[in-house]
Amino acid sequence: MLFDYKLRNFNIRLLIYVLALCVIGVLVIRSAAAGSMEDSRVIRQMAGIGVGTLAALILSLIDYHRILNFSVVIYLGCVGLLAWVLMNGVLRGGATRWVVLPVIGQVQPSEFTKIGLIIFFAWFFDKYQEQINRLPVLGMAAVLFGVPILLILAEPNLSTSLIIIMMFAAMIFAAGLSYKWIFGVLAVLTPL
């Protein structure tokens, strides 16, 4: 079953910490908005917190092993959304990073891509963990990583690209990449 979850395993302290940070965020936005509670930014932030908390609670009930079964579909969906941004995105400030979805409004697919790539590469590195230091596996990982990065850089969105690059580096290091590969890449990239 998809929702095999025991309530006693739920980390209530983590939920309290996250909600406390959200309250601090709303207070900061409210103070920046000159204290008017009717300001749309404050209301939008509170609505986002509500929707995000509900989504997080629902997702926390799903066994992550089951989510990994859909990792290839999630990856392809992320790449498709990034390509859609380049074709049908909203241009703002010289960058095309947003798409308009019915009912939801404007969203930035590169933010969903961060989560999608974490899920996909968790599956990928788990599947190829014994062969992580072999050139074909590293080449395949580089190509699979390069496609979304190039699409994000084409928006252009350098900050998200750098975050995803650091995330990928941390994941491949945690997967057990040999130090000879790490030092080799650093030796090549350092002069650049």
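From the backbone N, Cα and C atoms, a Cβ is placed for every residue, glycine too.
Automatic, uncurated: that is what TrEMBL annotation is.
Residues 36-37, 39, 41-42, 45-46, 49, 53, 56-57 of the same chain lie 6+ residues outside the transmembrane segment (12-30) yet bring a C-beta within less than 8 angstroms of a C-beta in it. Per TrEMBL, transmembrane segment is recorded for 12-30 (among others).
Marked as transmembrane segment by TrEMBL: 42-62 (among others).
Taken from TrEMBL, the feature transmembrane segment covers 67-87 (among others).
With a cut-off of 8 Å between Cβ atoms, the residues of this chain six or more beyond the transmembrane segment (107-125) that come close are 67-68, 71-72, 74-75, 77-78, 81-82, 84-85, 97-99, 101, 132, 141, 144-145, 148, 152, 155, 157, 160, 163-164, 167-168, 171-172, 174-175. Taken from TrEMBL, the feature transmembrane segment covers 107-125 (among others).
Feature annotation from TrEMBL assigns transmembrane segment to 137-154 (among others).
The transmembrane segment feature in TrEMBL is assigned to 160-189 (among others).
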Short question: which residues 6 or more past the ends of the transmembrane segment (67-87) have a Cβ under 8 Å from it? 96-99, 109-110, 112-113, 116-117, 119-120, 122-124, 126, 144, 147-148, 151-152, 154-155
